[in-house]
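Participant: Supplied in structure tokens, the structure appears directly below.
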Amino acid sequence: MAATSSISSSLSLNAKPNKLSNNNNNNKPHRFLRNPFLNPSSSSFSPLPASISSSSSSPSFPLRVSNPLTLLAADNDDYDEKPREECGVVGIYGDSEASRLCYLALHALQHRGQEGAGIVTVSKDKVLQTITGVGLVSEVFSESKLDQLPGDIAIGHVRYSTAGSSMLKNVQPFVAGYRFGSVGVAHNGNLVNYTKLRADLEENGSIFNTSSDTEVVLHLIAISKARPFFMRIVDACEKLQGAYSMVFVTEDKLVAVRDPHGFRPLVMGRRSNGAVVFASETCALDLIEATYEREVYPGEVLVVDKDGVKCQCLMPHPEPKQCIFEHIYFSLPNSIVFGRSVYESRHVFGEILATESPVDCDVVIAVPDSGVVAALGYAAKAGVAFQQGLIRSHYVGRTFIEPSQKIRDFGVKLKLSPVRGVLEGKRVVVVDDSIVRGTTSSKIVRLLREAGAKEVHMRIASPPIIASCYYGVDTPSSNELISNRMSVDEIRDYIGCDSLAFLSFETLKKHLGEDSRSFCYACFTGDYPVKPTEDKVKRGGDFIDDGLVGGIHNIEGGWVR
């Protein structure tokens with residue numbers, strides 16, 4: 001996938017609107033002035049006519065551009081089968097190589113977002129500079145681009161967009177310049193009260209140029225009267241409901257915020273030179289040689305500046321509800337998430353499956369890569385050899401273009417190749433982390449049988465998923481989830497395996513012990529800790545840039561033009 005550098009995700013608050021750049025391939029970062037033009041406060045302006053929001057040089061929003069890239073993965077069930085974590089965030093304070101360390105840390109979080117990346121830094125003259133682009137981290141950034149991001153403070157973001165829409169989207173971090181200072185933000189999560197907040201803001205004069213829930217935060221900061229400046233961030237976050245682990249950068253501070261329920265992970269570490277690092281997972285700390293110190297606690301705001309690290313607390317303080325799927329699927333096995341080893345959790349899930357749902361078999365295999373550790377646990381407990389029966393191609397991304405309906409079934413074969421020598425004539429247990437729609441599972445069973453497997457027994461290292469997620473995970477609507485429509489026996493018949501078993505929900509909670517009350521199980525139970533009162537904010541359509549890049553849009557006292 002070719003990377004497309006972009007500055008169009010950035011929001012500037014200069015009084016005079018900037019025109020859309022005519023050079024979409026400009027590699028220079030956009031610089032946000034420390035002291036932008038004086039502009040009126042949020043209470044001193046009257047609504048602008050609708051016609052002012054667009055001009056001959058600046059298209060109206062939202063854009064609707066016919067883009068051939070909408071064909072990419074649009075109907076690819078093979079890549080829709082898993083729930084998708086949509087973001088990973090990084091923040092670094094106090095290291096002269098902040099942008100390069102951020103780049104490396106984003107590499108470690110690449111599994112959390114593979115379709116876009118961005119970095120914002122603060123230069124010595126207090127200027128916020130940003131480079132964002134479409135593609136993998138290595139495709140977006142080069143040595144020359146990192147040279148354009150000097151400074152000892154940085155935040156970064158990797159993003160997964162939803163399949164079925166253009167993949168040329170603006171990516172975070174977002175940056176906004178206010179008359180009282182500039183701020184950048186990178187967000188992992190999803191706000192369940194986004195629609196209401198946006199409606200209230202628009203009613204009072206704010207104009208949005210994206211449908212991203214993250215933009216709401218920038219508008220709330222714009223209208224906040226809290227002092228000092230970083231307290232505007234705290235004030236804005238206290239109005240949010242749902243999941244958010246965010247890192248903010250101002251002209252002299254790094255701020256990390258985690259929602260009061262702690263849905264999404266956020267950890268803190270420190271490098272040997274004293275630099276403070278925040279990241280979605282500890283694997284990012286490991287890569288840049290930062291020592292893990294602790295989690296950012298649910299409801300905590302950590303402010304880092306030249307005087308050290310200060311703590312604030314958001315109100316109220318509900319019981320934590322951390323996403324259990326971080327341990328089942330999203331996080332890397334070498335990460336410590338919510339104080340627990342992801343590897344150990346998955347290994348135990350496999351052991352539980354072997355104990356509760358045994359079957360006579362000759363070999364245990366995994367659906368790579370997410371099912372490997374659970375399969376190792378199953379094999380160890382069952383006393384059966386684990387072998388690599390499916391080989392995953394790492395060169396087929398989610399951008400695979402399918403020319404016609406007739407060859408759609410080749411999608412799984414491109415991604416997974418069976419090893420006939422392992423499978424032929426064998427009774428096979430295949431372990432996967434989850435079943436969402438069931439489409440990929442049925443194709444995997446068929447692949448194994450075509451390779452000569454005598455029997456195919458599927459073991460799923462999570463309970464059945466019956467409800468959609470509203471807290472930052474891209475899952476289908478509940479009526480698309482196969483476990484919400486079929487019994488286990490019906491699913492077994494649908495995917496064509498000889499037997500099927502899921503991890504028991506009660507046993508999962510028992511394994512978590514005293515911590516079981518601290519996890520969110522909404523996808524397994526339909527019991528939502530924060531009640532969703534509106535439709536999901538679908539990330540696939542949350543940005544206005546369906547194919548055009550290079551736009552710089554302005555906010556004036558809360559208005560976005």
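Cβ atoms here come from the backbone N, Cα and C positions, even for glycine.
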Participant: For the [4Fe-4S] cluster site that Swiss-Prot lists with Cys323, Cys520, Cys523, give the additional residue from the candidates Cys283, Cys361, Cys469.
Facilitator: Cys469
Participant: State which of the following recorded positions has the fewest other Cβ atoms within 10 Å around its Cβ: Cys87, Cys523.
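Facilitator: Counting other Cβ atoms within 10 Å of each of the recorded positions Cys87, Cys523, the minimum falls on Cys87.
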Participant: With every protein chain in view, what's the tally of Cβ atoms within 10 Å of the Cβ of Cys520 ([4Fe-4S] cluster binding site), excluding that atom itself?
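Facilitator: Looking across every protein chain shown, the total is 24.
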Participant: Out of these binding-site residues, Cys323, Cys469, which one has the fewest other C-beta atoms within 10 Å of its own C-beta?
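Facilitator: Counting other Cβ atoms within 10 Å of each of the binding-site residues Cys323, Cys469, the minimum falls on Cys469.
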Participant: List, in sequence order, the residues of the same chain other than Cys323, Cys469, Cys520, Cys523 whose Cβ lies within 8 Å of the centroid of the Cβ atoms of the recorded [4Fe-4S] cluster site.
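Facilitator: Residues close to the [4Fe-4S] cluster site, other than Cys323, Cys469, Cys520, Cys523: Phe263, Ile324, Phe325, Tyr471, Val473, Tyr521, Ala522.
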Participant: For Cys469 ([4Fe-4S] cluster binding site), name the DSSP secondary structure in the helix/strand/coil scheme.
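Facilitator: DSSP call for Cys469 ([4Fe-4S] cluster binding site): coil, neither helix nor strand.
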